[in-house]
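Written below as structure tokens is the structure these notes are about.
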Amino acid sequence: MKLGRALGLLLLAPWAVRAVEPISLGLALAGVLTSYISYPRLYCLFAECCSQKRSLSRAALQKDLDRKLFGQHLAKKVILNALTGFISNPKPKKPLTLSLHGWTGTGKNFASKIIAENIYEGGLHSHYVHLFVATLHFPHASNLTLYKDQLQLWIRGNVSACARSIFIFDEMDKMHAGLIDAIKPFLDYYDHVDGVSYQKAIFIFLSNAGAERITDVALDFWRSGRQREDIKLGDMEHALSVSAFNNKNSGFWHSSLIDRNLIDYFIPFLPLEYKHLKMCIRVEMQARGYDVDEDIVTRVADEMTFFPKEERVFSDKGCKTVFTKLDYYYDD
């Protein structure tokens, strides 16, 4: 690395250091650093840069989805096609907006994590990925106007710094109605809003709204002996948008984002079955460095609770608590 060699010559040559006054040496070092950091490419060797985003690989994204997201054939297909199509488009007409719906533990947060990791090496920890949790960041209804102003400023500032910014809104079903409409101008079909283009940004919404409808469809397929993989997006996407729009307890209640068709995909996350829980447990074992023990896998899965009460088809917590239950068997 050129900077390393430059510093090395100054720091590793004692005779040269003795021959130079301290102030002169300091100025020399400062000059070297300034000349290198003045160039963006060189600066990015030492700090994360927006230009360092990964070239999205469809194959890598497909592999991550297949290995880490279980029982969600619809979500995997939509995310794969929507994301790769959007990223490969040099001039999108609007930002990509995805709304992920389903019960807790079905993989919504995990899917957003996979998306972030396939675009930025730092994933959710990247400076260009921004996570908002409704109950944490917008807790008080009385501050709604303040939250709207802050949200607009935050998004405007970050997209100005990096056009390919990612914004994730969790707990949309707990967000105060009307708040999310503050970002409507940024999601619309505008080339610029106050001099800033938002067309390359990505917005992801996570919500439990519509989960009942998703469960009804999945249960109907199960009861009729049909495979869940035969469920089509068209079987529930419209119902999800209507459910979110009409739910008074949802942040999307009568939202202009839905009314103006600014959300590109409403993505259902199906409730998980017993076999999917076992997949989650196996992956967690491997992630902890353990060999897969099928006896423990079965015992952990058997401890989970399922619904409906009579048929016990779907896990009521998805994969969310299998990780803590696994701790009991590996308590060192």
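Glycine is treated like the rest: Cβ placed from N, Cα and C.
Just so you know, TrEMBL annotations never went through curation; they're auto-generated.
Residues or ranges marked as signal peptide by TrEMBL: 1-19.
What TrEMBL lists as ATP binding site is Gly102, Trp103, Thr104, Gly105, Thr106, Gly107, Lys108, Asn109. In sequence order, Asn208, Ala211, Ile214, Thr215, Phe269, Pro271, Asp316, Gly318 constitute the residues six or more apart from Trp103 (ATP binding site) in its chain with CB-CB distances below 8 Å.
Looking just at the domain 'Torsin-1A C-terminal' (272-329), the mean pLDDT is 94. If you look up TrEMBL, you'll see 272-329 marked as domain 'Torsin-1A C-terminal'.
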(message) With the cut-off set at 10 Å between Cβ atoms, which of these binding-site residues ends up with the most neighbours? Options: Thr104, Thr106.
(response) Thr106
(request) Compile a sequence-ordered list of residues in the same chain as Gly105 (ATP binding site), six or more apart from it, whose Cβ lies below 8 A from its Cβ; state 'none' when nothing qualifies. (result) Leu272, Ser315, Lys317, Gly318, Cys319, Lys320, Thr321
(message) Looking only at the domain 'Torsin-1A C-terminal' (272-329), how are its residues distributed among DSSP helix, strand and coil?
(response) 32 helix, 5 strand, 21 coil
(request) May I have the list of same-chain residues other than Gly102, Trp103, Thr104, Gly105, Thr106, Gly107, Lys108, Asn109 whose Cβ is within 8 Å of the Cβ centroid of the recorded ATP site, in sequence order? (result) Phe110, Phe269, Gly318, Lys320
(request) Check each residue in the chain of Gly102 (ATP binding site) that is at least six apart in sequence and keep those whose C-beta is under 8 Å from its C-beta; list them in sequence order. (result) Lys108, Asn208, Gly210, Ala211, Ile214, Pro268, Phe269, Leu270, Pro271
(request) Measuring CB to CB from Gly107 (ATP binding site), give everything in the same chain under 8 Å that is also at least six residues away in sequence. (result) Leu69, Phe70, Gly71, Gln72, Ala75, Phe269, Gly318, Cys319
